[in-house]
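Some notes on the structure that comes next.
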Amino acid sequence: MNLWLWLLYFLPVSGTLKVLPEVRLEVELGGSVFIECPLPQTHVRMYLCRQMTNPAICATVVSNIFVKKEYKRRVTLKPSLNKKLFLVEMTQLTKDDEGIYACGVGTNTDLGKTQKVTLNVRNEFPEYPEPFWDDEPTSEPSPRWWLHRYPEELPWLKMGEHASPSGFIDKVTTLSPKTEAPPVHQPSTNTSVSRHPRVYGASSETPTKPSALLPATTAFKTSARQASRLLEASYSHHTRLHGERTPHYGSQYGREDRGLHISIPEFHILIPTFLGFLLLVLLGLVVKRAIQRRRAFSRRVGRMARRMRGRGPSRQIPTQRRDAPQRPRSQNNVYSACPRRAREPDNVGSAEALLLNAPASAPPALPLVIETSWPHTPSLKMSCEYVSLGHQPAVNVEDQDSNDYINIPGLPHLPSKPPGPRPSRQ
């Protein structure tokens, strides 16, 4: 019995050890966010709660019919039954909204959790690296593509096309000419250009043209970097959010989304499985013990039945002698149900012979009374105590009916006293 009580005591522990899928969200200060929560069953209470300092306590933020005071007009809950999930929208986020949340279903907020959400609110997003095509030397776009894309920002490219028939080159290696210009403006011995093309004149008479085009090139480079940085930041942010949201419902419904196979550790399933197996083993032992007891009891009952059947004929009490003829009971005798006394000798001669043969030292025997028939008189049946009265009538002693007798109830006063000695016997 103690073992069963311990098992029932530790069964709720298996629910607390369940590992919830976790989603991490990073939102800008003052922005909004959508939290997708799984909905394993419909027509139940849906909620989003916030975990307090004590991990065992989770305060409800929003549910089907409730919104916490601090989150009113900022949090909404929208069920989506066809997708088996419900959405929680949080707007106007502040630093106080940062923390750990959990969404779930059921009437009990602490036991029905299905997902854990970690929300981070930042003032500004960190600097992201430059686009990947800025670092690769072989991924430069052609000049004509830039002309169609940004015609107003690249007027110097059109000038370069008409001024220089030699075109654009990716890598140029030249020897520094001997001029009187200051050494600061002289290029190095080997010069490599891998980002943006430059125009070089065929003669050395116009050395100031490339220097005049440097501001336009710098402005274009700065604007291109800023545009690519914004695009990359937005793309990286959405990609990260999508990648973090995928395990949330992928683990519940198929674990596969857009070709991404996500594996989540499910070692927590082993605990209830082991407990269930242990309960099955104990139940089997109890059933086996009950069957053994039932079989032992049936064998014991069978042995007792056989023993009683064997002793039955030997313990039968004979109600009457087999050789004695049955005497029919008189139908008119209303006292036939009362017990009968032992029969007296049939005649007087036999009684007298017994008296003569008795030894002299023996005490004198009581006088024998021969019972004869008595006229029928109505009796009052008050009890089963009867008085037998008899006298010697003037009839033949050898009469067959002389031994018949009747019983009359013992009355306090007898109606009459017939002549002769009439000792009473009970």
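For all residues, glycine too, the Cβ spot is worked out from N, Cα and C.
Among the features that Swiss-Prot reports, compositional bias 'Pro residues' is placed at 415-426.
Annotation comment: Swiss-Prot describes Cys37-Cys103 (among others) as disulfide bond, evidence class similarity to another entry. Spatially close to Cys103 (disulfide bond) yet at least six residues away along the chain are Ile35, Cys37, Pro38, Met46, Tyr47, Leu48, Cys49, Phe86, Val88, Lys113, Thr114, Gln115, Val117, judged by Cβ distances under 8 angstroms.
Over all protein chains present, the Cβ of Cys49 (disulfide bond) has 22 other Cβ atoms lying within 10 Å. Per Swiss-Prot, disulfide bond is recorded for Cys49-Cys58 (among others).
Here Swiss-Prot flags 24-121 as domain 'Ig-like'.
Taking a C-beta cut-off of under 8 Å and a sequence gap of six or more, Thr91 (phosphothreonine) has these contacts in its own chain: Gly31, Ser32, Arg74, Val75. According to Swiss-Prot, the feature phosphothreonine maps to Thr91, an assignment based on a large-scale study or a structure entry.
Residues or ranges marked as region 'Disordered' in Swiss-Prot: 178-212 (among others).
What Swiss-Prot records for 306-346 (among others) is region 'Disordered'.
Annotated region 'Disordered' per Swiss-Prot: 401-426 (among others), in sequence order.
The signal peptide feature in Swiss-Prot is assigned to 1-16.
As annotated by Swiss-Prot, site 'Receptor capping' applies to His268, with the evidence given as similarity to another entry.
The site 'Receptor-mediated endocytosis' annotation in Swiss-Prot covers Tyr386 (among others).
For Tyr405 (among others), the entry in Swiss-Prot reads site 'Receptor-mediated endocytosis'.
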I'd like the number of other C-beta atoms within 10 A of the C-beta of Cys37 (disulfide bond), please.
26
When secondary structure is assigned with DSSP, how many helix, strand and coil residues does the domain 'Ig-like' (24-121) contain?
9 helix, 52 strand, 37 coil
Intrachain C-beta neighbours of Cys58 (disulfide bond), sequence separation six or more, cut-off 8 angstroms:
Cys49, Arg50, Gln51, Met52, Ala102, Thr109, Asp110, Lys113
